[in-house]
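The structure appears below as structure tokens.
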């Protein structure tokens, strides 16, 4: 079969001037249609069947790369969606904090109450604080959580449940009211990352007041960031004290050994 050089001299089609790249493309297509071999700077002479096989292989490789890229993008979106879902549940739980809800007691009776008002329209005594308790097991009960938080003496613990199944949603709220509410709330905050039924629970502040405004979310974020910084500082102080205590004990043992005769020290050891 005759050879067709892709660097041919064809310069126009239908009277239109073609660039060198388009000239090569046109001659390439003509060579394939005629079933002739072709050659260029990068490849040796190929038949039409070989060319089509090479083209098909390149297409398969291209599709594989596209599929791999699409899979990576899908995984990234799924992880992002999962994070947003977790954050959304937490925000919704906090936003619904002040809304009227139905509460089921241990006897299965449904009790209705409003968060912002006490019975008979009486105003709450003193300040009121609400903490968010997350990462709870779905089997958590109000009695068990009350026992875990006994040291802080919360006035009320609420475990939101699904409307249809009455299954716990995995988080709760602890409410503190009265003149000593701030003190008891701080005791409860120290239970952050303690183990409850095999899980490390999260105890965090809430902004209160309901709503989804940007300022409210920013206020909540700043409060919890400040709380986390205080926790880290407290841990560093405890670690420093522990290192100091260990060093002091070690120095004391060494100084005590200095006053014992070596022969007696051997018998003591």
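Glycine is treated like the rest: Cβ placed from N, Cα and C.
On a predicted model such as this, the values are computed, not experimentally measured, just so you know.
The following features are taken from TrEMBL:
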type: REGION; residues: 1-47; note: region 'Disordered'
type: COMPBIAS; residues: 1-14; note: compositional bias 'Polar residues'
type: REGION; residues: 60-128; note: region 'Disordered'
type: COMPBIAS; residues: 60-88; note: compositional bias 'Basic and acidic residues'
type: COMPBIAS; residues: 100-111; note: compositional bias 'Basic and acidic residues'
type: DOMAIN; residues: 129-208; note: domain 'RRM'
type: REGION; residues: 206-227; note: region 'Disordered'
type: REGION; residues: 243-269; note: region 'Disordered'
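For the domain 'RRM' (129-208), the number of residues in each DSSP class (helix H, G, I; strand E, B; coil) is 19 helix, 25 strand, 36 coil.
The DSSP breakdown of the compositional bias 'Basic and acidic residues' (60-88), given as helix, strand and coil counts, is 29 helix, 0 strand, 0 coil. Over the domain 'RRM' (129-208), the average per-residue pLDDT in this prediction is 91.
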